[in-house]
Amino acid sequence: MKPVKKKKTEEPELEPLCCCEYIDRNGEKNHVAACLCDCQDLDEGCDRWLTCKPVQPETCEKITDTISDRLRIPWLRGARKVNISIVPPLVLLPVFLHVASWHFLLGVVVLTSLPVLALWYYYLTHRRKEQTLFFLSLGLFSLGYMYYVFLQEVVPKGRVGPTQLAVLTCGLFLILLALYRAKKNPGYLSNPASHDKSLSSSQIECLLKKEQEKTKGFPGTDTLGGLNNRSLKDDMKGSSRMGAGSPAKVKEDWCAKCQLVRPARAWHCRICGICVRRMDHHCVWINSCVGESNHQAFILALLIFLLTSVYGIALTLDTICRDRSIFTALFYCPGVYTNYSSALSFTCVWYSVIITASMAYIFLIQLINISYNVTEREVQQALRQKTGRRLLCGLIVDTGQYNRGFLRNWHQFSTLGTHAVHAPAEHIV
């Protein structure tokens, strides 16, 4: 008998989506117009709220997930999902600033509550180890909105010349360019394509035993291919992180989530979910890590922002509070709330001062860390383990591990990311 050939089951072709249709989180086709239909979680939450009953945390999470899944805009070949965390700054910031312009006391309350709310949201997302676009949206929208208020309320008064406006505009564009560069790959580590299978725990133990057998009887001898004697590529003296034959250090360098051995000063970011070379910290303002490849751009963005912000504040105060110094006008500007335009400009000035002060603190900490050749991640680890040398009430933390002097530290920072090729992760093993 001839073998019967099995017919291949043809998969049904999916119909193309129109601009308002999308596939929801349940895998079903949905429409933007039906965003308020069949929301049992929202109905249950509203019923509990109207009857003064406590709303369960699980219900709040379901409502948030449903809203974030249905918040979409029409687009070609299907509606695009909008991250819900970018919406609050676009709505609340103009409202808060306009309310703060009504009266001096309202300005004090609003401008005091804004940093508190931002810190609360930061600790909430940081505790959950979640990525959020809230702070990136807040930063970019604040830049745009402050520039808009400057053009609408300050420039028409005639105190700002074309050259001054051009300098401020160039500073704004330079900030955006530096942020774009800082948002790029910070130096993510990943297994090369040739590495077919990840190393298992038994393979790691086997490698450890082999390295211990090689170094047994030869104390102080360096094994070039060993896991524990990886010297710093950016350190000309070749000082290693730890001596040979240390299984504990190898286990610390091995990342179980990324399945690779991390090179010196690399860490795993629990928010991004990947290891980063010479990781400094995860910055919520750019929604990315600051590492070996983008640390210089991050510092440059901070510097340009501080210079541009101070220049814009000085121009605004010189316009609305004439014949007064900048510092005096910031704290004493009589009659500024008699005119709504001046009141809004003055409120935006104080909002810019708060943001600038926080960025100046971050910039100062970064300069200190670079001068001592430590990363923020290493500083936090040294404080937890009480291994670093603390100066100026903890403002300066010197681990002493990579510090080669002020000039050499800054030279090393200026050459970050200029090495030709990094060794693949498996070559370290």
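Including glycine, each Cβ sits where the backbone N, Cα and C put it.
Residues 64, 67-68, 71-73, 106, 110, 114, 132-134, 136-138, 141-142, 145, 344, 347-348, 351 of the same chain lie 6 or more positions beyond the ends of the transmembrane segment (82-99) yet place their CB under 8 Å from a CB of it. Summarising the annotation, TrEMBL assigns transmembrane segment to 82-99 (among others).
For 105-124 (among others), the entry in TrEMBL reads transmembrane segment.
Under the heading transmembrane segment, TrEMBL lists 133-151 (among others).
What TrEMBL records for 163-180 (among others) is transmembrane segment.
Along the domain 'Palmitoyltransferase DHHC' (251-380), the predicted structure has mean pLDDT 90. If you look up TrEMBL, you'll see 251-380 marked as domain 'Palmitoyltransferase DHHC'.
Beyond its flanks by at least six residues, the transmembrane segment (297-317) meets 146, 150, 154, 159-160, 164, 167-168, 171-172, 174-175, 178-179, 181-182, 184, 283, 286, 290, 324, 326, 329-330, 333, 345, 348-349, 352-353, 355-356, 359-360, 362-363, 366, 370 of its own chain at Cβ-Cβ distances under 8 Å. Positions annotated as transmembrane segment by TrEMBL: 297-317 (among others).
What TrEMBL lists as transmembrane segment is 349-368 (among others).
Cβ atoms under 8 Å from those of the transmembrane segment (133-151) belong to residues 83, 85-86, 88-90, 93-94, 97, 118, 121-122, 125, 168-169, 172, 175-176, 179, 284-287, 312, 315-316, 344-345, 348, 351-352, 355 of the same chain, restricted to positions at least 6 beyond its ends.
Long-range contacts of the transmembrane segment (349-368) within the same chain: residues 97, 107, 111, 114-115, 142, 146, 298-299, 302-303, 305-306, 309-310, 312-313, 316-317, 330, 376, 395-396, each at least 6 residues beyond the stretch ends and with a Cβ under 8 Å from a Cβ of the stretch. For the domain 'Palmitoyltransferase DHHC' (251-380), the DSSP-based tally of helix, strand and coil residues reads 72 helix, 16 strand, 42 coil.
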